Amino acid sequence: MEGGLGGNNFSPNVSDKSKVLDVKPLRTLVPMFPDSSEGPPFVCVPPHGPFPPGFSPFFPFSAPQGSQSTPDLNQNNFNSTAVPLRAYRAEPLDSNGQNVSPVGSSRKQKSAGPSSAKPKAKRSKDSDVVVVPLSNYNPGISLSDREDGNRELVENLLMRFDALRRKLSQMEDAKEIHSGIIKRADLKAGNIMMTKGVRTNMKKRVGAVPGVEIGDIFFFRMELCLVGLHSQSMGGIDYLSARGDAEADPVALGIVSSGGYDDDAEDPDVLIYSGQGGAGNKDKEASDQKLERGNLALERSLHRGNEVRVIRGLKDALNQASKVYVYDGLFKIQESWMEKGKSGCNMFKYKLVRIPGQAGAFSTWKAIQKWKAGLSSKVGLILPDLTSGAESTPVSLVNEVDDEKGPAYFTYFPTVKYPKSFKLVQPSPGCDCRDACQPGNFNCSCIQKNGGDFPYTANGILVCRKPMIYECGPSCPCFRNCKNKVSQLGLRVHLEVFRTRDRGWGLRSWDPIRAGTFICEYAGEVIDKSKARLDGGDGDNEYVFHTNRIYESFKWNYEPALVGQEGPGPTEDFDIPAHLTISAKTNGNVARFMNHSCSPNVFWHPIMYESNGEAFLRIAFFAKRHVPPMTELTYDYGIPHSDDTGSNTAAYGRKKCLCGSPKCRACRRNADYAYAMVATTYRSMGNMRTMYGCLLSSLDCGMLNYGLVTSDLPDDLIF
């Protein structure tokens with residue numbers, strides 16, 4: 001059936017409202033509004049239920065979805081049949097930002113009277129996780145921030161979620177006896193954070209979500225829920241449900257296309273999306289899809305012309321068993337029809353077209369697939385493998401900016417070179433694991449050195465920052481691919497050295513990178529202070545790595561209160577036995593091309609392993625947060641100590657920071673200096689517009705610092 005759905009002319013004589021007949025056009029069907037007794041309308045229940053065994057539903061998955069406040073639809077040109085916003089459900093909030101009563105619930109809420117009883121922590125019967133009562137935990141997010149987020153808050157929430165998920169995964173992996181319950185640390189982490197109010201963008205809206213950018217990637221559906229991009233952990237269609245009157249219609253907000261249905265999703269600009277429902281399983285035969293709930297919302301959004309968020313689910317290049325979800329931007333539904341599916345039953349089809357002028361997202365993924373398959377060549381490709389086979393995964397060299405043919409000559413070396421080894425005062429034997437070290441094996445000496453915890457999850461993701469990570473070394477009898485040798489297994493991510501526009505050469509990845517993933521180590525030659533002074537004195541200080549610089553602190557580990565623990569949790573301060581200086585000027589690997597940023601997406605961590613009584617200290621780089629493909633990888637170079645002559649402070653201080661981060665330290669220093677100069681001069685000499693203009697023009701950060709500088713000055717000075 002070609003063309004879109006017709007108007008709202010429904011036949012009053014249609015007796016069976018639930019069955020879609022192949023012989024009738026969709027315009028003759030009567031829309032179905034689900035009864036509240038049928039359960040939550042926005043949960044698309046999979047064959048085995050919305051949650052694995054042992055998981056209980058929680059808000060927003062235990063009740064019909066609602067809006068925390070009225071969405072903004074003013075930017076969409078709806079026709080005269082558009083339903084007023086007051087017709088859509090909105091949930092009242094209590095003082096903690098939680099829903100007071102689920103919509104459609106027939107159970108009356110009892111008023112909470114005064115009580116002196118202290119709320120008790122509940123222990124989940126399915127795990128050892130202690131759920132701390134909400135009244136005992138401060139999520140650090142205001143009520144306004146829970147309704148409307150921002151970029152910093154979204155990134156912070158994703159880091160907190162993944163830190164909790166990694167810890168829960170570590171705890172599950174360490175259990176000696178498994179109960180047979182499916183281990184879903186992501187659902188447990190999402191359950192805890194939702195319950196504690198650690199979330200944002202609860203105010204449902206049409207269009208873009210504050211703080212979420214096109215191209216952002218997510219490795220778990222729960223992450224979409226926490227940042228307000230998609231409110232359903234299982235259902236593919238997110239929408240605002242209408243009230244009970246027959247004249248109100250639902251509004252589609254977003255969809256997830258991840259291969260669960262027969263979608264045509266190869267075109268980056270056009271998506272043919274299949275409706276929900278009707279899928280069969282071993283206990284139920286497939287059936288015709290019904291024009292209700294999400295399907296009805298998409299059909300109504302076709303006529304309204306409102307924007308719909310599109311999230312695409314793709315296979316993870318580093319783990320084919322899992323998926324990566326990429327936010328592909330805003331689309332509009334152009335037409336819809338009905339056709340026979342593979343099951344022989346009728347299913348709805350919706351054609352969504354990407355709104356022009358948006359940043360590329362899925363198109364980048366498609367281009368990378370072609371590069372990997374050899375179907376197209378990378379523009380500006382100089383070398384397919386910069387390492388000449390030294391790495392198991394090739395590293396491309398690309399220049400799309402100018403005529404530079406490559407970096408200055410250096411010898412590619414994949415690891416660190418010591419002029420002499422660090423001798424251990426008391427050499428310790430390696431572990432005696434005969435195959436691979438297993439989490440929970442407290443007889444493993446390497447696990448004992450790590451404080452009794454396996455440092456990585458089952459898929460090789462770093463769990464926590466700690467004073468030192470001890471990996472199994474060559475002396476350990478465990479397999480070479482032991483999961484406690486992550487940094488020694490070489491590159492797994494397909495990296496690319498590319499020419500930047502203003503910062504020389506940089507490093508990025510063709511693959512999506514999950515937070516905690518090992519990227520590479522800093523390879524080069526370990527040098528003493530006198531050698532470091534020589535390397536730093538000729539302007540090549542960027543090719544020298546120092547462990548003793550001042551690095552801006554950040555929190556990356558989990559919050560102990562969220563897993564029922566007391567105290568501050570594991571320290572994130574490093575304990576390095578000896579200062580390490582590595583020069584990559586003449587010998588090095590891809591790490592030498594990583595540029596500095598004051599808001600980096602990569603951090604370094606010391607790792608030690610032993611071999612024949614000698615200790616080998618290495619610097620490993622891990623992803624600080626999820627990194628989309630083709631995003632530059634950066635880390636914090638740190639600041640030399642004022643008395644550190646070996647770091648050549650004077651030369652370093654003359655280097656201009658070009659990271660462009662809103663939190664750039666150079667910007668902050670320039671702003672503070674400009675403010676002090678202008679404010680002092682103004683107070684002593686009055687009107688100094690000319691001098692003020694000169695100061696502003698000299699700032700490295702331009703208008704960013706203009707706002708910082710002028711925030712507290714008199715109005716007559718601002719121009």
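Cβ atoms here come from the backbone N, Cα and C positions, even for glycine.
Pulled from TrEMBL, these are the features on record:
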REGION    1-21  region 'Disordered'
REGION    57-78  region 'Disordered'
REGION    92-129  region 'Disordered'
DOMAIN    207-354  domain 'YDG'
DOMAIN    429-490  domain 'Pre-SET'
DOMAIN    493-638  domain 'SET'
Pull the DSSP breakdown for the domain 'Pre-SET' (429-490) and write it out as helix, strand, coil residue counts.
8 helix, 4 strand, 50 coil
DSSP-assigned states of the domain 'SET' (493-638) in counts, ordered helix, strand, coil:
20 helix, 53 strand, 73 coil
Using DSSP, how many residues of the domain 'YDG' (207-354) fall into helix, strand and coil, respectively?
18 helix, 63 strand, 67 coil
